[in-house]
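Enquirer: Below: one structure in structure tokens.
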């Protein structure tokens, strides 16, 4: 079989006669107009336009003359990209939506599930490995694969991911980011780690200069719902109700709005989410104990269309975000992450980073599918240019 040809003005009978093909000829209208290609099994089959079909009218195929097809230059430069993925079932369901897979296929990007029961090096070949699995064993598998296949882009390196799964190391180095020339100031809330005996940590909290109320977060992010549970501790005695290991972070009033900054390579998208309301001095004096609050980053908590005070709702300045993300990509060594930011209440451009997440819930982001298709296309172009340079 020589390939699948797109239907056009040429009649099937004339194709059969000129090419000497009988039942082996497949005729299809194609479905990949953007790249003019179809994917069948493991083969990319070129879509042929009217110009090329006219040229083929002059081709005579017989037993001694093999059929050859020369792709136009613009088709030769558009490369197929195979993305092997290793995701939890929940992440696969939320990320690999039908629309994403359809748009990707139209651009020559194909997602292939990695079989966790087989050696990774025996699978593929892959151009990109996209993963979000926890555990030392998987981390070792990916690191070994990277050493054996340096030509494959791994999103993202396990060592870099591990750093932000620990809330103590997650925000380290933020103070050293070079943002002095930007239209905003960046801080991290004062925090401390409690490894055991939360009740006995009350004195350490005072010594560290932290002021109540405190946001309490589990130290480790392990993919469970419990690792994302957040509490607000109003006084010293309430610390005894918390289970270590955990991070205690000073609560910063921020008008009840949080900014989720999504990063996909060089692309930045920002969404507003409802968060905890401000805590007044009067409330601090009257309220005690621990308050467990829901995950304020949930899709239901979107504040993008809410009627908010403009001083609270105004997004962080674009130059500030661009500089911050550029520095963080370098510091963290990640390309897929999001930043949870708040603006200090009463200020215009004083911001705090309170959390960083690897490979977050992009499915909540409008038009995330096109963002990722563009991202993978860029990876394909970079790989193509590297191959051309090495020739």
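Think of each number as a place in line: the chain as shown, counted from 1.
Any Cβ shown, glycine's included, is placed from N, Cα and C.
Per Swiss-Prot, 1D-myo-inositol 1,3,4-trisphosphate binding site is recorded for 90, 132, 228, 260, 357. Sequence annotations record features per position, and here Swiss-Prot assigns ATP binding site to 167, 217, 249-260, 275 based on similarity to another entry. Taken from Swiss-Prot, the feature domain 'ATP-grasp' covers 178-384. The Mg(2+) 1 binding site annotation in Swiss-Prot covers 340, 355 and is backed by similarity to another entry. Feature annotation from Swiss-Prot assigns Mg(2+) 2 binding site to 355, 357.
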Enquirer: Need the DSSP three-state call for residue 228 (1D-myo-inositol 1,3,4-trisphosphate binding site) to compare against my parser.
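Expert: The residue in question, residue 228 (1D-myo-inositol 1,3,4-trisphosphate binding site), is helix (DSSP, three-state).
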Enquirer: Can you count the other CB atoms that lie within 10 A of the CB of residue 255 (ATP binding site)?
Expert: 19
Enquirer: Starting from residue 167 (ATP binding site), work out which of the binding-site residues listed here (90, 132, 228, 260, 340) have their Cα within 10 Å, and give them in sequence order.
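Expert: If one measures from the Cα of residue 167 (ATP binding site), no binding-site residues come within 10 Å, so the answer is none.
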Enquirer: Near residue 257 (ATP binding site), which of the binding-site residues 90, 228, 355, 357 can be found within 10 Å, Cα to Cα?
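Expert: Candidates kept after distance check: none.
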Enquirer: In sequence order, which residues at least six apart in the same chain have a CB under 8 Å from the CB of residue 259 (ATP binding site)?
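Expert: Listed in sequence order: 270, 271, 272, 273, 315, 316, 340, 341, 342, 343.
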Enquirer: Over all shown protein chains, what is the count of other CB atoms within 10 A of the CB belonging to residue 167 (ATP binding site)?
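Expert: Around the Cβ of residue 167 (ATP binding site), 21 other Cβ atoms lie within 10 Å.
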Enquirer: About how far apart, in whole Å, are the alpha carbons (Cα) of residue 357 (1D-myo-inositol 1,3,4-trisphosphate binding site) and residue 255 (ATP binding site)?
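Expert: Distance between the two Cα atoms comes out at 22 Å.
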Enquirer: When a 10 Å sphere is centred on the Cβ of residue 340 (Mg(2+) 1 binding site), how many other Cβ atoms does it contain?
Expert: 19
Enquirer: Tell me the Cα distance separating residue 260 (1D-myo-inositol 1,3,4-trisphosphate binding site) from residue 275 (ATP binding site), rounded to the nearest angstrom.
Expert: 11
Enquirer: Please give the average pLDDT for the domain 'ATP-grasp' (178-384) in this predicted model.
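Expert: A mean pLDDT of 89 is what the model gives the domain 'ATP-grasp' (178-384).
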Enquirer: In the structure shown, which of the binding-site residues 90, 257, 260 has the fewest Cβ neighbours within 10 Å?
Expert: 90
Enquirer: Please tell me which one of the binding-site residues listed here (249, 251, 355) sits closest to residue 90 (1D-myo-inositol 1,3,4-trisphosphate binding site), measuring Cα to Cα?
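Expert: When the Cα distances are compared, 355 comes out closest.
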Enquirer: When DSSP states are folded down to helix, strand and coil, where does residue 90 (1D-myo-inositol 1,3,4-trisphosphate binding site) land?
Expert: helix
Enquirer: Taking just the CA atoms, what is the gap between residue 132 (1D-myo-inositol 1,3,4-trisphosphate binding site) and residue 251 (ATP binding site) in Å?
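Expert: So the Cα of residue 251 (ATP binding site) lies 30 Å away from that of residue 132 (1D-myo-inositol 1,3,4-trisphosphate binding site).
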